[in-house]
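Step one of this worksheet: look at the structure below.
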Amino acid sequence: MALSTILTAAAMPVAGLFAFAQQSSAFFDQIPVLGSMLNSPVGTYDAQAAQMDGRIQARDLLSSHFGPVGWPHQSFDYVIVGGGTAGLAMAKRLSEEEGNSVALIEAGGFYEMDAGNATEVPMYLFNYFFDNGYMKNPLFDWYQYTEPQEGLHNREMFYMQGKTLGGSTARGAMLYHRGSKGAYQKWADEVGDDSYTWEKWLPHFQRGIKFSGPNTNPRPANATAVNDDKAWSASGGPVHVAYPYLTNAISSWVDKALDSFGFSNVQGFSNGVLLGKSYITHTINPFTRRRETASSSYLREALVESNNLNIYIRTLAKKVLFDENKKANAVEVQTDGFKWKIEAKKEVILSAGVMRSPQLLMVSGIGPKETLEKLDIPVLSDRPGVGQNMQDTIILGPTNPIRVESHSQLLGGKDTLPRSIDDYNNHRTGLLTNPGQDFFAFEKHAEEGPGSLSKETAADIDANFPADWPTYSFIALDDTFVPQFNGKNYFSMSAALMTTFSRGYVSINSTDTLDNPIVDPKWLSDPRDQEMAVAAFRRCRQFTQHEILQDVIDGEELLPGKKYQTDDEVLGYIAETSDAYYAGVGTAAMGKKDDPKAVLDSKARVLGVQGLRVVDASSFPFAIDGQPMGTVYALAEKIAADIIAGN
């Protein structure tokens, strides 16, 4: 096999979402050296980067923070289940308090050891992003599949979920932004708590983030990024947020074209204003130019600053245990087949994610009575909302060939990937520093033309979402939805739906958390979402047909091609090729105490029991307008502050 072919497999940029799964297995049979390519040395650092490389260190003995596994009568003030986005933030903040003892239970391990550079190099994001049938790494992902999705031609979708320290911050697209001010006002209204308004959220957003502005690294003159300094704090941290070192060439063309459609320039999508266009920030360390995760930030600092945190890796939570007063007092766990328990003196906090937090609630006796009784689980608290209200969206759009360099070259280009690896190893420059999507725009639905909706659907959106909440998110995706393997340059003008009405669920058919839960997002099950999907696609196509983008587009639309014109044809293409946003929320939703569908109160406490909270994306009452990672970090900061304050 040619070296260029092996290198191409090693990089696995945007893998075309679905068609990659159809590639011949013979291709993969010849890649025994793939691991060495992925784990090739990552080159020299400058002096500043060398000091910030995220190595695992501790205040005292590093080993004091791990285990001991299986010993009886281990007891901590707080026991946190899940070492992901929220779990590690909670663990750091609670362990900072003198006298607090904290245990963190994580089913996975360290992603650096389990997945190599696939989790470190920004553009290697897509190495295991999709299940193509030939390359899997169950060490750091749960390999969860959905029920057949009727709205997506009955596809059973792989749903990426991190099983590692860092959780999905080690798996996702690194996109960092915040919701609109109206979204957080809606949150405050739905849970009956004014501490969820934008002004009250902002300090929690600021506390966790160490922002490096666009001048940290040089940017092209035609790729100006503007930020609202009031959105950030100079004392924030530990999570690095910055712009990728490389600016995608196509992004400046999209930026210029959208001027003609009336898009205003906004200040980075983190000051509560989304409607408009901007380059977008990522959780990338601007000095090492590597992925930043909850593990490389919160955990690394906690290990150095505190002796109050114990971590149990490769340890699966089986269920939460309660005393006679329905107070959570322990977590039953399993390590390599051995069952034991970790006791909690104050609280148990579930941060296992949108699928596994509701699963743990149900196997512990908290959930819909009918579901629990079918599995002979004693009902501790009948909460019909557990596992319900799942919300996520999809990403879709047309693909065009272009005359400027794009990440699609990495698939099949004989020279592009070796050059990019050399650039990254020796200079921390080039295509591998950017995960392939750095320019976004948000828009309300139009009143007429492409992007417009029926009066009925538009009225439903207006009635259910705030005025500053966008209908669509547009993304200049520097690659293809279906891989081409020819080394040519393509880009996909993509869209995600922000005002969806489809609602799915998470359930169980087993009492064993070793078994994956049942997950049914029900994408495009609501006709209004189907209408929005077609309208968003047509709007993307309208952008690419503008004269400015025609100057850089090299020929006719590649996918789906101009023969797809009717609504049914476009919807069919979307159903076959669109992918998950991997941003599910809402399956253990906050709400008012008198709401029978609420699972949590506004302090993230599970209703009907004591000493148990859920803090992660499942806690959201609804999907906010955009990527949830920034809000999950802030929610963890907020609830940790509540706990420390005695709430």
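Just so it is clear, glycine is given a Cβ too, placed from its N, Cα and C backbone atoms.
GLY172 (FAD binding site) falls within neither a helix nor a strand when secondary structure is assigned with DSSP, and so counts as coil. If you draw a 10 Å sphere around the CB of GLY172 (FAD binding site), it holds 24 other CB atoms from the protein chains shown. Summarising the annotation, Swiss-Prot assigns FAD binding site to THR85, ALA86, GLU106, ALA107, GLY172, ALA173, MET174, LEU175, ALA617, PRO628, MET629.
The N-linked glycosylation site annotation in Swiss-Prot covers ASN117 (among others) and is backed by sequence analysis. Classification of ASN117 (N-linked glycosylation site) by DSSP places it within a helix.
Of all Cβ atoms in the shown protein chains, 12 besides its own fall within 10 Å of the Cβ of ASN222 (N-linked glycosylation site). Under the heading N-linked glycosylation site, Swiss-Prot lists ASN222 (among others), citing sequence analysis as support.
Annotation note: ASN509 (N-linked glycosylation site) sits in a coil segment as assigned by DSSP. Counting Cβ atoms from all protein chains shown, ASN509 (N-linked glycosylation site) has 11 others lying within 10 Å of its own Cβ. Here Swiss-Prot flags ASN509 (among others) as N-linked glycosylation site, drawing on sequence analysis.
Residues annotated as signal peptide in Swiss-Prot: 1-26.
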Next item on the list: Out of the glycosylation sites ASN117, ASN222, ASN509, give me the one sitting nearest to GLY172 (FAD binding site) by CA distance.
Entry: ASN117
Next item on the list: Determine the most Cβ-crowded residue among the recorded positions THR85, ASN117, using a 10 Å radius around each Cβ and all protein chains in the structure.
Entry: THR85
Notebook entry, point to check: Counting only residues 6+ apart in the same chain, whose Cβ is under 8 Å from the Cβ of MET174 (FAD binding site)?
Noted result: PRO122, LEU125, HIS282, THR283, ILE284, ARG291, GLU292, PRO435
Note to self: For ALA617, MET629, listed as binding-site residues, tell me which one has the smallest number of other Cβ atoms within 10 Å.
What the structure shows: MET629
Next item on the list: Determine the Cβ neighbour count for GLU106 (FAD binding site): the number of other Cβ atoms within 10 Å of its Cβ.
Entry: 30
Next item on the list: Determine, to the nearest whole angstrom, how far the Cα atom of ASN509 (N-linked glycosylation site) is from the Cα atom of ALA617 (FAD binding site).
Entry: 22
